[in-house]
């Protein structure tokens, strides 16, 4: 039978519940247990697909095409179990489901209320999510409850967790509470009062945490841990210090050293094999002892909030580990390139243009593409980054001066990139879309496999085929492909059913390393294996740096 660990947060948001939950999962998996994770989001949006990156950060796409919270990306990077749509749900989905049942008459005329109908639905979603785990029936399901204790939005989820713990019985569920212990510089000491109040608030709801994870900018002294233990009614050995570190991949070892997995296994009456964290130690060792160093420019419009590119940043870190190369990421606002030109890119070893939506900043990104192509600097364009690379090539090489995307200019006569109006989803069903379709849930989403053109750089990187995840509405227009290919551009991968361009590149006679991909490879990168595309990109950046150094010598 699956046992449950509920992870809650207090004092402030953004303390790292997702990292803490994923790290615990990694330790338990290293002990031979089958583990899955779920994220419960209290907002009323059905999913984060239409939310601003400045408010929500990255939208992580699962293999089965769900638009989910970025924490699911952490889950997949820390454990081997793949996440699905059922691993993330929101208040919006819960209410949508309950209202649908009420309209059908499932409640037989009863007054539908938060308790029991909403809380029962939350419990059903949790159990369904755990049961759908790709690892089979999990030994442990770790359930992260979004928001902060005390928020009105989180109350139904916390109440559902309390009820579920009671229903499952002793040793079937436990609670881990992540809280903040701030350092007050003027007083020169850590303050435990916020943690005491947070735990008190949680206990008022009827939940007594079994373990406290205390976030601070430094290790918490024993005296402060004893005080927290006394006022929170949590055993002293269950007050765990979680201080700031320079890599999230150090967290599993930190938590294991303080006995978190032992406490959880004891509470849930589990007796697995000892933890083996040698892989994590090796990853950290490689990350901290690189042999080389490169600087990659990431050109986007969300650079003020790097959470918008969380998986992409981590994918570059994974490539750093597996190429023994420190990757410095320089964030460049594309709108500044429109105003000031591309002189600020001259020192970069490679240029990356990530995915995005909307017209703002696109001409600055196109200028970055042009610079990378003409200066022979390695270029990787992801999703929108590929589309803009095609537009730049069409304008500046092929001579289609009005080439554009209908996303930015619906009236352009040279629609090099246009809306996909019909395509097949992962189940083989035809999906249709128009300019008037709803924004939510109308994109091409999820993992799709396609063959790669032999003899291309793409084949050297991936092999015979590629299986990656998508999140987009627009595609390169096949009507212009013959002109683009005549100019030298290579379409190196296409979807087998709709014949949609998936990858483009420039031949080695035109550029040493220039690749665009319509999919999002960052979603499948893990620290264990890295990702072939990002490893190749970092190696190309290093080669560019060495070529420049040789030319100067």
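Our numbering is plain: 1 for the first residue shown, then up by one each step along the chain.
Each residue, glycine too, has its Cβ placed from N, Cα and C.
These figures come from a predicted structure and were not determined experimentally.
The active site, nucleophile annotation in Swiss-Prot covers 383. Annotation source Swiss-Prot lists active site at 520, 522. Under the heading UTP binding site, Swiss-Prot lists 13, 191, 192, 193, 194, 195, 196, 227, citing sequence analysis as support. Positions annotated as CTP binding site by Swiss-Prot: 13, 151, 152, 153, 191, 192, 193, 194, 195, 196, 227. Feature annotation from Swiss-Prot assigns ATP binding site to 14, 15, 16, 17, 18, 19, 71. The Mg(2+) binding site annotation in Swiss-Prot covers 71, 144 and rests on sequence analysis. The L-glutamine binding site feature in Swiss-Prot is assigned to 356, 384, 385, 386, 387, 407, 473. For 295-547, the entry in Swiss-Prot reads domain 'Glutamine amidotransferase type-1', with the evidence type sequence analysis. Marked as region 'Amidoligase domain' by Swiss-Prot on the basis of sequence analysis: 1-270.
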Among the binding-site residues listed as 14, 16, 17, 18, 71, the Cα nearest the Cα of residue 473 (L-glutamine binding site) belongs to 71
Relative to the Cα of the residue listed as 'active site, nucleophile', which of the recorded positions 15, 144, 191, 196, 522 has the closest Cα?
-> 522
Give the three-state DSSP assignment (helix, strand or coil) for residue 144 (Mg(2+) binding site).
-> strand
To the nearest whole angstrom, state the Cα distance for the pair residue 193 (UTP binding site) and residue 144 (Mg(2+) binding site).
-> 24
Across the binding-site residues (14, 192, 196), the Cβ with the fewest other Cβ atoms inside 10 Å is that of 14
Roughly how many Å separate the Cα of residue 15 (ATP binding site) from that of residue 196 (UTP binding site), to the nearest whole number?
-> 16
Those same-chain residues, other than 356, 384, 385, 386, 387, 407, 473, found with Cβ within 8 Å of the centroid of the L-glutamine-site Cβ atoms are 355, 357, 383, 388, 405, 417, 472, 474
Can you name the residues of this chain that are 6 or more positions from residue 144 (Mg(2+) binding site) yet have a C-beta less than 8 Å from its C-beta?
-> 7, 17, 18, 21, 37, 38, 39, 40, 71
CB within-chain contacts under 8 A for residue 19 (ATP binding site), separation at least 6 = 74, 248, 251
Nearest by Cα to residue 386 (L-glutamine binding site), of the binding-site residues 14, 152, 196, is 14
Cα of residue 384 (L-glutamine binding site) to Cα of residue 13 (UTP binding site), in Å and rounded, measures 31
Arithmetic mean of per-residue pLDDT over the domain 'Glutamine amidotransferase type-1' (295-547) = 90
